[in-house]
Amino acid sequence: MTSPLISPSILSADFARLGEEVRAIDAAGADWIHVDVMDGHFVPNLTIGPGVVKALRAHTDKPFDVHLMVSPVDTWLQSFADAGADVITVHPEAGPHVHRTVQAIKALGKKAGISLNPATPAKMLDYLIDEIDLVLVMSVNPGFGGQSFIASQLRKIEAVRKMIDRAGRPVHLEVDGGVDAVTARQCVDAGADVLVAGSATFKGGPERYAANIAALKGLG
Ligand code: DX5
Ligand code: ZN
């Protein structure tokens, strides 16, 4: 299979040693760094703010793939852009005017992503696909790491792949939640090119990170 890009979710890292953890996954072959931002309102968990992203920026040159699970979201775009985000992904349910939110992200000079919850149809993308740089298909309900992959999302990945190919633009298709070496292959076969992995990257501690990432790429 073509090797996907791997974007380890630092939600599964040791938060007491976050800078070291980011350096370790960078050295172990991570392509992007996935940052899960949760507000305790849009999702039932509270995690990382722009200050942490800013502090981590010095620890790696890899792109920061910032997944915003916050509502309302528009007021946070500037802070995460200033903190060093490269890709900013939002959920259409997080504000009343998602098209405007996408325009705002692009006006900040960042790549814009749209994330689809498990119950959100691919059709949501009809009038956004020509504007965005990334689609993030959630294969768990957002809020926590370590959940099981929801197999019905494979059909959605296939549908989104078709939309992207039809659009004829470079749009990444990323999958997030319950991705391990087995589900990684299913996602890539369905058309994904970027995989988020929290538990599957960080399991076993730093000496396992390179092997874990290689296994996710299908090289293990
Ligand atoms: C869930 C987050 C995911 C999560 C992935 O809301 O968006 O990025 O941390 O964790 P795993 O890979 O453990 O399912
Ligand atoms: Zn995420």
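Every residue, even glycine, has its Cβ placed from backbone N, Cα and C.
What TrEMBL lists as substrate binding site is S9, H67, G143, F144, G145, G146, D176, G177, G178, G198, S199. If you look up TrEMBL, you'll see H34, D36, H67, D176 marked as divalent metal cation binding site. The feature active site, proton acceptor is assigned by TrEMBL to D36. Summarising the annotation, TrEMBL assigns active site, proton donor to D176.
Features per TrEMBL, on structure.
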residue : record                             : DSSP class
S9      : substrate binding site             : strand
H34     : divalent metal cation binding site : strand
H67     : divalent metal cation binding site : strand
G143    : substrate binding site             : coil
D176    : substrate binding site             : strand
S199    : substrate binding site             : helix
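Checked against ligand 2, the binding-site residues H67, G143, G145, D176, G178, S199 give H67, D176 in sequence order as having a Cβ less than 6 Å away from one of its atoms. Site extent for substrate: the farthest pair of Cα atoms among S9, H67, G143, F144, G145, G146, D176, G177, G178, G198, S199 sits 17 Å apart. The C-beta environment of D36 (divalent metal cation binding site), restricted to residues of the same chain at least 6 apart in sequence and closer than 8 Å, consists of S9, I10, L11, T47, I48, H67, M69, G145, G198.
It is G143, among the binding-site residues G143, G145, G178, whose Cβ has the fewest other Cβ atoms within 10 Å in the structure shown.
Within 10 Å of its Cβ, the residue among the binding-site residues S9, S199 with the fewest other Cβ atoms is S199. On a Cα basis, D176 (substrate binding site) lies 10 Å away from H34 (divalent metal cation binding site).
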